[in-house]
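Reading through the structure tokens given below for one structure.
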Amino acid sequence: MVESSKVQKILYGGDYNPEQWPEDIWEEDMRLFKEAHIDIVTLNVFSWAQLQPSEDTYDFSKLDKIMELVQKNGLKVCMATSTAAHPAWMARKYPDILRTEKNGVKRKFGSRHNSCPNSPTYRKYASKLVEKLAERYKDYDNIVCWHISNEFGGECYCENCEKRFRSWVKDKYKTIEEVNRAWNMAFWGHTLYDFEDIVTPDLRSEEFEWDGIRTNFQGISLDYARFNSDSLLECFLLEKEILKKYTPDIPVTTNLMGMYKPLDYQKWAEYMDFVSWDNYPTYNAKPYEPALSHDLMRGCKNGKPFALMEQTPGVTNWHLYCSLKRPGVMRLYSYQAMAHGADTVMFFQMRRSIGACEKYHSAVIDHVGTSDTRVFREVSALGKELETIGSSILGARSKAEIAIVFDWDNWRAIDWSAGPSRLLNYCDQIKKYYYALWRNHYPVDIISVKDDLSKYKLVIAPMLYMCKKGYDQTIRSFVENGGTFVTTTFSGYVDDNDLVVTGGYPGKLKDILGIWVEELDALPPEEANSFIYKGTEYPAQVLCDVLHLRSANELAKYEKDFYAGAPVITVNAFGAGKAYYFATQSNDDFYKEFLSDICSECGVQPLLKCDEDLEVTERSNSNGDFLFVLNHSQEKKEFVLPYDACNLVTGTEYFKGKEIKISGKDAMILIKK
Amino acid sequence: MVESSKVQKILYGGDYNPEQWPEDIWEEDMRLFKEAHIDIVTLNVFSWAQLQPSEDTYDFSKLDKIMELVQKNGLKVCMATSTAAHPAWMARKYPDILRTEKNGVKRKFGSRHNSCPNSPTYRKYASKLVEKLAERYKDYDNIVCWHISNEFGGECYCENCEKRFRSWVKDKYKTIEEVNRAWNMAFWGHTLYDFEDIVTPDLRSEEFEWDGIRTNFQGISLDYARFNSDSLLECFLLEKEILKKYTPDIPVTTNLMGMYKPLDYQKWAEYMDFVSWDNYPTYNAKPYEPALSHDLMRGCKNGKPFALMEQTPGVTNWHLYCSLKRPGVMRLYSYQAMAHGADTVMFFQMRRSIGACEKYHSAVIDHVGTSDTRVFREVSALGKELETIGSSILGARSKAEIAIVFDWDNWRAIDWSAGPSRLLNYCDQIKKYYYALWRNHYPVDIISVKDDLSKYKLVIAPMLYMCKKGYDQTIRSFVENGGTFVTTTFSGYVDDNDLVVTGGYPGKLKDILGIWVEELDALPPEEANSFIYKGTEYPAQVLCDVLHLRSANELAKYEKDFYAGAPVITVNAFGAGKAYYFATQSNDDFYKEFLSDICSECGVQPLLKCDEDLEVTERSNSNGDFLFVLNHSQEKKEFVLPYDACNLVTGTEYFKGKEIKISGKDAMILIKK
Amino acid sequence: MVESSKVQKILYGGDYNPEQWPEDIWEEDMRLFKEAHIDIVTLNVFSWAQLQPSEDTYDFSKLDKIMELVQKNGLKVCMATSTAAHPAWMARKYPDILRTEKNGVKRKFGSRHNSCPNSPTYRKYASKLVEKLAERYKDYDNIVCWHISNEFGGECYCENCEKRFRSWVKDKYKTIEEVNRAWNMAFWGHTLYDFEDIVTPDLRSEEFEWDGIRTNFQGISLDYARFNSDSLLECFLLEKEILKKYTPDIPVTTNLMGMYKPLDYQKWAEYMDFVSWDNYPTYNAKPYEPALSHDLMRGCKNGKPFALMEQTPGVTNWHLYCSLKRPGVMRLYSYQAMAHGADTVMFFQMRRSIGACEKYHSAVIDHVGTSDTRVFREVSALGKELETIGSSILGARSKAEIAIVFDWDNWRAIDWSAGPSRLLNYCDQIKKYYYALWRNHYPVDIISVKDDLSKYKLVIAPMLYMCKKGYDQTIRSFVENGGTFVTTTFSGYVDDNDLVVTGGYPGKLKDILGIWVEELDALPPEEANSFIYKGTEYPAQVLCDVLHLRSANELAKYEKDFYAGAPVITVNAFGAGKAYYFATQSNDDFYKEFLSDICSECGVQPLLKCDEDLEVTERSNSNGDFLFVLNHSQEKKEFVLPYDACNLVTGTEYFKGKEIKISGKDAMILIKK
């Protein structure tokens, strides 16, 4: 990630907020960081109020002290810009800085991440602050990256945003006639005659009468989501430009949040020097879920290693039930991040706050204030391991032959769709397909619809409801050239504006798949159809297409209802490749079988053949090929090594065919000989 | 319904929105309509923005073209007035047209059915548009009816409505003292001294602190509901008057929605030339539910045949799970409408839209655009049948000896009541009693409290909580003259203003029923009492009256709790008739038994004795008596014909006593010989 | 409670609203009151609109009549001030009187208890009204107490409140730096530079993004709750001061509501002459729940007898399912109130209203209007019993050796905490410990953190999360001097501002308990750990501390998970006493065993050893010791008398050792010989 001569190892540290503490404990912090092998701190995340006590006053004295302190102690710095929470005086004096919520309620000062991205005040003073920061600290050679704002997010529906949305729409569509076409405004007589007629799509307008998820005009809501994401991205870019003026060589990032619907991270990542993100799996997350998020985040930047900017060393405070990370789990999750492409291991946070809403979120230094805690010991032990690992894996890349397509607009369009079923859940479908591959140890890339497919043997696009302009051709070429493509029910329906492609579903994918979907049946949760695949009966749930074969062949058919006998799995030979279609949704066992068969058929091999509780990935760079093996179970497991290798941390050497034992919750990196 | 020399058969067609499509497909639409035996289209439902592009401009050019097209193709027209969705420019320029929601939030442009009914702007421009439409199209002889606005509904709580509510209250009560009495304003010291003190009852005032259903002052909420219904009715009448000025002979309607609480359809129907309504049963509706809705809609206009204005040919998009209408079900539901009094079969919609919130609602012409779909084939086959049926059943009436009383104000008052139980559900109780009769093939009228009872042998008024002024006397006369009356727990409590009738429950019904209800026990859902009726034990749920016999006799008693032994079913001989009282709620089996016994006793016979999955109704006109038999199950069923008859569609003749087989989901009309 | 020469017996009566009725029934009311042995009525609760028909007019004519009527009929009066619902004209003319809700919505006229406590208009006119009332009625010698407003409650977030909150904060903290420290405003860069920067913590500010329960800055929310409680208390005191000016000898109260979070009743009670409260257990309340509420209310005023101001004679209308009080239960609950310190038995209400939201709440005189009802007969019979009891128990006190600590701020802080578990429920924990003692017949006081501990042998402070300034020292002294102290997981964490005490949990209680809690694990509802106590396995749920013994000993340990073997119950010998710690939550059986053992060990004896369904308390005064025995089951039970005694009502004498039978739902008072 942080490609810099300053960085020679996996950076290890996290958010540090000394300004929340009396200065007399700062030295103790330094001592404890050393004990924990910490080498980087993220500073200045929420200090705007301190740095700018009033409209005309700036005060960097405390930050100066902190910078001297951490430099003196040999710590690298991820330097935040403090623009994620505006000062109280600003909210009072310039209410335009406050957001208006989806229900029309104007916010007051409070909380965070609540500046209107289109507020002139916000942009003016954020720029001014960043300019001062960049100018003042540009020569500190321990600053390894800039961290703009924090967890950009949310939406605003204020009058400023409404005005700017009109401009955004005008820039995009040029004429009001084109807007009417794109949003299908003839429906319900919504035809516009002037850009001024456009209002924000919210609970006062097009999203009224629904359940807070769906909307009347998906086209407007989609464009507003794009506009909102772009507005926040503009704020990011405004700061980035200033930073680059002063420190062109220091990479710039902001911390992303995995599957976060409001921001199209695949677009954002284009503008970030490297991706960084915050990983907070819930208490009941399955191990493959953060794995998927890591792969998604890595995929946003074309596979480039990323930074794990935040994770909790022990407990996350905002979940419903804040269970402890069990012994070894913090290390296991840290290895999991590295296994999927992270080149840092960082925590939120270094010292646990004593007041406000994150005081029950754990930290490297707990409220007790000593190093005599389980969490500190685990942090320290991992720190030592990372020192041993050194620079070996830095920059190493994954090589996947399988890609799963993920698209933010598609996600939004499915969520906002008024029909066919409230059980539709795009991310869950992505998870189902991902999990089927993960548990069999196939490496996967999560890609966008802009990414090149030619390097993959197998491309899976679950519920590709929105097939964006040209993407059918991308898939067509891929399959024609020998690729294997898999898609599912509710694919190919609409264009970029959520307008249905007439002429029969799945729209422009019809020829590639060799089918025509005549009808789409939505089943309530208590009902299921079924089908038999390779002798086993599986459920057909949620959606069931009633389809007709054109050039495709049938691999399975429905067992029940009036469409009993109709095809439910099809395959179409197309050019040199094949296109599979799965006309419904099923259970995990099915996806596992189905994708294993397809992988075999297109010649994709798993990294290892071993227990499902073991997670296996591989990263490679000029130092070699690194095999990561993680045991997510509590029990000891074995696997057989496919080649000679050496444990990167312990130095133990193993020969091909060796049955290696790995303890419960343990993780290891093996370098191929 | 549409009593007109222009109409010689069951009209068959539906909503057609060519203005949402390029003109080059209009001719193809005409071809497909012909193929589907379509003979009517509803036009111009949502075209205001197109017809009036700005405050001073009207443009009828496209509608002119459409009218010429459909006339040329021999299609009749149900002509809508387009006032259900105001243009965007109007919302921008005249915000008074926008509603204020119950929570006080002012709406923006968006969605539909959101014009404030008391907006001067709305009324002015709606009138102006209708005048122009009537004037322009009055001479088209294929217009068979006017369709005002669309699915009138919702509420507004804006300042204009508040002002008009004050006038409405003043007109109704004359003095503020009378308002205080009617609303019991001495309670909680709410005494008003000026009409200006009146505010809308909403989440900012009397409905605060409750669950969004109940209210502090039921009297105010009831009057506001009446006012709101009246305000919308005024909008309807404003348009109707204009239309009648130009085309006095063309009947006028608007599409109702079955059990829709905000509008008192029994009052509305008085002002409509005929009733039309939109039938969208949910995916899990039982067959008797739409039957009840049809009977309710027919009853609003004293049994006059009605129009089925909308139904989906295949799938409804706004349900949680949009399951397909199975093969035959669209036809079955169409026959069900006719069986209960419909003289049209119409769809929403003719061609499926490609954008916005109804694109996953099915249509006669699907997104594929061809006639080669199951749905189209079923539509076309039914169209052909309807041609065969011709004019024979037009105008035919049902003859029921049983009536169930349904009252909108009673519904509202029960919903808003603060006590005795949140499990009270008026419509569910109506359904329970209706279902008991439906499954035994008794024809039923659903009547209002204004309707004459003398033509019935049995009148059932479940949970007649509000016994309006004079209605006790209506019932008293009915029973005295030999009628049989059935009512239940939570009846007779209050007057038209939801003020309790003192002197003991059930108020003015006490003498008729011969009982006094001392206490009313509400059971939580996990508890039940029980009673034995004719040797079988049934549950007593939700509410249990503790009552005393006066002149009545006991038919069953409670088995448990401190009121074990107290009467739970009573019957009172009163004049020449009888009055039954059921002091609790029970299960379907009980209602079936209980009502069968009562029917026998008062000499009411079912139309047929046959399987419960068969629905049976009869309609009669000068052409004869038509017996409708519908098989709602998947399996073939039999029934024995009680007289000689002939199948109206196939012409097959049957003799009395013949066991006729009817396939799963099939429907037939038999004309009595 | 009402210590006055005017009061010679348990006052018996309740809310009477003759102004809601025509005058011609008033005499009938008087007759029925006599029949029911009623001797007190609460008048004038909601009459502001009647007393002040306009800004400049007052009209006491009706109240004069009522006062004459009740005086003539020998009734005592609890005189309310009518300020709980402002008149409609006031809301219209002075909108500052209307509250602004937590979501920012400004209220309209409607409902009750909705005057902004900081409204200048409200305070001005409330004072003026009270002055007039006091002046006019001061010489009525049947007025036994003043009843200010009614059920004070709720919150306001308007601009007036915001301004006053700033002053309140300034008064409390003096400098903005101290505010920043107290609220930990350096977190998220919320540092304030001016008191004007302070805004109300609500859904527009710090409580945004949470679930309507939690908040971002607990310190602000805590202070706002204190401020709001204080603002309402100021309204109370404003009226009290005026009343005392005119009638210094008439005691003043207002009716409290048990566990009601917005108002800190322990603080309020200091300013009330006596405590009165309204007891409305829900349909499924367990018998110990109202017992606990009574003890809490009594404890607010250091054990002084209180008034049961309201209870329903039959049914409460605002519950979800309004089940009847079964025969005997009204009497049983009345005895329960007396058993816990009530010296009145009063009802809401005397005559059942016919309109608005409480018409289905029962009354002494029901809608039927006669005395011929079960409820009336029970009321009358109890009235007669109370006459027999006479003055004997007036002023009698309970003597408990066990105290449970209850603290309003602690409750709020736990509710608002962002972590560790949404399953945390302070009141439920209080109930668990109370129930364990109640079912074993130990008398308990519920005390505040200001109360003296020296009179107790055992003090239990479940989940004492907030250990206020000095309270650790209170506990320390108590234990050092031989007391036994019990506390639990999630105790000792924070100070009065919800700022964590650093140095290890449980903060300042560490030395007393002799432990250090390193980690706190929150379990989801579907998971549990376990431990063995005296041979029985019990579940460990919700929270599980991972703790280390310092000077304490372990009494039980976890059975599972990575902290298997770690202590879960500890005891620490400290000075002459002992301190127990329970590191998790368990089931009722455990608490019963655990507390029984501790009671034995510290020499606390139950009042009786008998069946768990019997409730037993004792009150003593100069007339003797009164043992209350209440049978909450339906079945007859027995108990053995520990001393000679006499039934206070029947006069029956019993000798020590006698096995006394008590019928289901019966209650008796035995006076010790």
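The backbone N, Cα and C atoms fix where each Cβ goes, glycine too.
Taken from TrEMBL, the feature active site, proton donor applies to B:Glu151. Annotation for B:Glu151 (active site, proton donor): same-chain Cβ neighbours under 8 Å, separated by at least 6 residues, are B:Ala84, B:His113, B:Thr254, B:Asn255, B:Leu256, B:Met257, B:Asp278.
In this view, B:Glu310 (active site, nucleophile) is surrounded by 21 other Cβ atoms within 10 Å of its Cβ, with every protein chain counted. Feature annotation from TrEMBL assigns active site, nucleophile to B:Glu310.
Taking Cβ-Cβ distances under 8 Å and a sequence separation of 6 or more, the neighbours of B:Arg112 (substrate binding site) in its chain are B:Phe46, B:Ala84, B:Ala85, B:Asn150. Taken from TrEMBL, the feature substrate binding site applies to B:Arg112, B:Asn150, B:Trp318.
Marked as Zn(2+) binding site by TrEMBL: B:Cys116, B:Cys156, B:Cys158, B:Cys161. Taking the Cβ of B:Cys156 (Zn(2+) binding site) as reference, residues of its chain lying under 8 Å away and at least six apart in sequence are, in sequence order, B:Arg99, B:Thr100, B:Cys116, B:Pro117, B:Asn118, B:Asn228, B:Ser231.
Taken from TrEMBL, the feature domain 'Glycoside hydrolase family 42 N-terminal' covers B:15-388. As a whole-number mean, the pLDDT of the domain 'Glycoside hydrolase family 42 N-terminal' (B:15-388) in this prediction is 97.
Taken from TrEMBL, the feature domain 'Beta-galactosidase trimerisation' applies to B:400-604.
The DSSP breakdown of the domain 'Beta-galactosidase C-terminal' (B:613-660), given as helix, strand and coil counts, is 0 helix, 27 strand, 21 coil. Here TrEMBL flags B:613-660 as domain 'Beta-galactosidase C-terminal'.
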Please report the number of other Cβ atoms within 10 Å of the Cβ of B:Cys158 (Zn(2+) binding site). 22
Over all pairs within B:Arg112, B:Asn150, B:Trp318, the annotated substrate binders, what is the largest Cα to Cα distance, rounded to whole Å? 17
Out of the binding-site residues B:Cys158, B:Cys161, B:Trp318, give me the one sitting nearest to B:Glu310 (active site, nucleophile) by CA distance. B:Trp318
Quick one: what's DSSP say for B:Glu310 (active site, nucleophile), helix, strand or coil? strand
How many other Cβ atoms sit within 10 Å of the Cβ of B:Trp318 (substrate binding site)? 16
Near Zn(2+): residues not in B:Cys116, B:Cys156, B:Cys158, B:Cys161 with Cβ within 8 Å of the site Cβ centroid are B:Arg99, B:Thr100, B:Pro117, B:Asn118, B:Ser119, B:Tyr157, B:Glu159, B:Asn160, B:Glu162
Of B:Arg112, B:Cys156, B:Trp318, listed here as binding-site residues, which sit with their C-beta under 8 angstroms from a C-beta of chain A? B:Arg112, B:Trp318
Excluding near sequence neighbours, so keeping only residues 6 or more apart in the same chain, what lies with its CB under 8 A of B:Cys161 (Zn(2+) binding site)? B:Thr100, B:Cys116, B:Pro117, B:Asn118, B:Thr200, B:Asn228, B:Ser231
Say we define neighbours as other CB atoms within 10 Å of the CB. Which of the binding-site residues B:Cys116, B:Asn150 has the fewest? B:Asn150
Measuring Cα to Cα, how many angstrom lie between B:Trp318 (substrate binding site) and B:Cys158 (Zn(2+) binding site)? 28
Could you find out if DSSP has B:Asn150 (substrate binding site) as helix, strand or coil? coil
Would you mind pulling the DSSP three-state label for B:Cys161 (Zn(2+) binding site)? helix
Using DSSP reduced to three states, classify B:Trp318 (substrate binding site) as helix, strand or coil. coil
